[in-house]
Amino acid sequence: MASSTPAVLATPGHGVPCRPNNANKNCSSSSKLPSPATRIDSAAFFRRRIIINWRCRSSSTASMGAMAGVVVRRDDKDELEEEWVGHLAPEKLEVLDHLEPWAEAHVLPLLRPAEVAWQPSDLLPDPAALGDDGFHAACRELRARAAGVPDDHLVCLVGNMITEEALPTYQSVPNRFEGVRDLTGADGTAWARWIRGWSAEENRHGDVLSRYMYLSGRVDMRQVDRTVHRLIASGMAMNAARSPYHGFIYVAFQERATAVSHGNTARHVGAHGDDVLARVCGAIMADEKRHEAAYTRIVGKLFEADPDAAVRALGYMMRRRITMPAALMTDGRDDDLYAHYAAAAQQTGVYTASDYRGILEHMIRQWGVEELAAGLSGEGRRARDYVCGLPQKIRRMEEKAHDRAAQARKKPTPIPFSWIFDRPVSVVLP
């Protein structure tokens, strides 16, 4: 799982262009914010009734703000907690218990056993298979092809890899979901086995990208490794973190975003002549598509079993934005590193506002949200209408942001990235 995406974004891994702290100088809030040290903990917001309006100046980065919804509303504690904590009621969690046999039959088969799954050594030069001379020759060829990848695409690749490498954080996410978490670390339930098997497959993604970059000689691996270290230590914030309804929606969105990001990267680097990297990114994309299929199926069953709870969870997550897993990324030098990485992803077409909107439209179709009618409460109908109207709102914001960004492109800003030895990449900033 990357974002964009990046999962942005969700780099890969990979949608949070303006981080809610005072290090980001391009956003202002209509109410006073906690200091950066508080990490903008949602619980702190619930203690008082506030409305936050993020105002982001137009750019490729700001357009990602539009795709997530420029206005973020926070109501009082009781109302908000009732909205998602109600999904933890016993009758809601029983739905997951009843779905376990179905998950055994329809979700677990989407995993690939280690015996047949690709491994990093299958995609990169292997000294054991090639011998010394063959290995050195293959590495020279890899480096020659890697030299043709432009720096802006390389930055996106590094950002995607860093996002993938924060796997310990991502495995902890579904293990917070009530009703499906792996209580002992080796549970035999279908849900627990899926979490571990999914993590095992995801583990290869960061590994193969890291090995490629090491062999390419084009990145400062010490700075990259430090960024990974900091990202894992920082963790990630997630709305309604204990609810499987909200959580599975989040992961389904992220997996599709990551597949889009890696797929776009594969096409771009292939066009620049790096067939090895294109094959690597294509293999990762294929994994992410299977993972997306699994989580999309799970959410689809939740819509069948309890459409009102499912659509309200979807509305909740979209109103509060799909926070990208690498939003707290930092290299210790650039306080706005994630925003700069997201801007590069938008500019190169690795992951864009249009991709975000397209993912939402796909999910609406996949889960039949527009057709929901029977069994919906008033809150459910309002959530359905909000979600179904959101793509058009995002499209309008996207068009306006695109027009302003086109004017701003006349004045791109060179941003040095420590990952590539402080070589500057020209991006359009807010």
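Quick reminder: no glycine exception, Cβ is built from N, Cα and C everywhere.
Residues or ranges marked as region 'Disordered' by TrEMBL: 1-36.
If you look up TrEMBL, you'll see 21-32 marked as compositional bias 'Low complexity'.
Under the heading Fe cation 1 binding site, TrEMBL lists Glu164, Glu202, His205, Glu288. Around the Cβ of Glu164 (Fe cation 1 binding site), a 10 Å sphere holds 34 further Cβ atoms from the protein chains shown.
According to TrEMBL, the Fe cation 2 binding site annotation covers Glu202, Glu255, Glu288, His291. DSSP gives His291 (Fe cation 2 binding site) a helix state. Other C-beta atoms found within 10 angstroms of the C-beta of His291 (Fe cation 2 binding site) number 24, with every protein chain shown included.
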Distance, Glu255 (Fe cation 2 binding site) to Glu164 (Fe cation 1 binding site) (CA atoms, angstrom): 11
Cα separation, His205 (Fe cation 1 binding site) to His291 (Fe cation 2 binding site) (Å, whole number): 13
Fewest Cβ neighbours within 10 Å, where candidates are the binding-site residues Glu202, Glu288: Glu202
Cα distance (Å, whole number) from Glu255 (Fe cation 2 binding site) to Glu202 (Fe cation 1 binding site): 11
Cβ neighbour count (within 10 Å, all chains shown) around Glu255 (Fe cation 2 binding site): 30
